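Sequence annotations record features per position, and here Swiss-Prot assigns ATP binding site to ASP13, VAL14, GLY15, LYS16, THR17, VAL18, GLU100, GLY101, ALA102, GLY103, PRO184, ARG185, LEU186 based on sequence analysis. Residues or ranges marked as Mg(2+) binding site by Swiss-Prot on the basis of sequence analysis: THR17, GLU100. Look at Swiss-Prot and you will find LYS33 tagged as active site, backed by sequence analysis.
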Amino acid sequence: MTRAIVVTATDTDVGKTVFSAGLAGLLDGCYWKPVQAGLADGTDSDTVRRLSGLPDDRILPEAYRLETPASPHHAAAIDNVVIDPALLAPPPCDRRLVIEGAGGLLVPLAGGLLFADIFAGWRFETVVVARTALGTINHSLLTIEALRARDIPILGIAFIGDPQEESERTIAAIGGVRRLGRLPRLDPLDAGTLAAAFAAAFSPEDFAP
């Protein structure tokens, strides 16, 4: 049976791919992005390959690779591709598998099918990645509420950005979720700086099955 952690976020461009790379590296696991929309500027799998330190065979191929950089349902329509949820079964991996969603939890895949519906079917523990910037309390609590409404297990919330103790504490308290830690924005960002920062902010025990 696949032992997986799903990584979702409160919005796009939060830092979910960087977090996924750090987590996959910390766990010495595998990584999988079910649906990649947009290929010309590189893929999230390419980023994780560069930043995680994992061998290529542990960056598992996407179920769908869409040319158009857009929400998956729109990219699929433009590319004349039909996304079949039956093909979104997590691939086998003999290590912990980090699964990265697209954008936020309620991103549509096809018709009325949302990423949240796929996650609900899998029932893997899910990490919410959130900004620390203004507005994150509302976005984070809405995401937590949407996960709970679908009975998706929540492992905890991880923040990315400058420290905002009050916002981070408030989200964890009101949302009733574990506060896993905070990853700072990194400059330079490479495999070495990410591994060091991730190990300082999180431990493998935070993500134990």
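Placement of Cβ uses the backbone N, Cα and C atoms for every residue, glycine included.
Keep in mind that what you see is a predicted model, and the values were worked out from it rather than measured.
Locations of recorded Swiss-Prot features on the structure.
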{"residue": "ASP13", "record": "ATP binding site", "contacts (Cβ under 8 Å, 6+ apart)": "none"}
{"residue": "GLY15", "record": "ATP binding site", "contacts (Cβ under 8 Å, 6+ apart)": "ALA9, VAL129, ARG131, ILE160, GLY161, LEU183, ARG185"}
{"residue": "THR17", "record": "ATP binding site", "contacts (Cβ under 8 Å, 6+ apart)": "ASP44, THR47, VAL48, GLU100"}
{"residue": "LYS33", "record": "active site", "contacts (Cβ under 8 Å, 6+ apart)": "THR43, ASP44, SER45, VAL48, GLU62, ILE99, GLU100, ALA102"}
{"residue": "PRO184", "record": "ATP binding site", "contacts (Cβ under 8 Å, 6+ apart)": "ILE160, GLY161, ASP162, ALA197, ALA201"}
{"residue": "LEU186", "record": "ATP binding site", "contacts (Cβ under 8 Å, 6+ apart)": "VAL18, THR193, LEU194, ALA197"}
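Secondary structure from DSSP puts THR17 (ATP binding site) in a helix.
The ATP site in the record is lined by ASP13, VAL14, GLY15, LYS16, THR17, VAL18, GLU100, GLY101, ALA102, GLY103, PRO184, ARG185, LEU186, and its two most distant CA atoms lie 22 Å apart. Of all Cβ atoms in the shown protein chains, 26 besides its own fall within 10 Å of the Cβ of GLU100 (ATP binding site).
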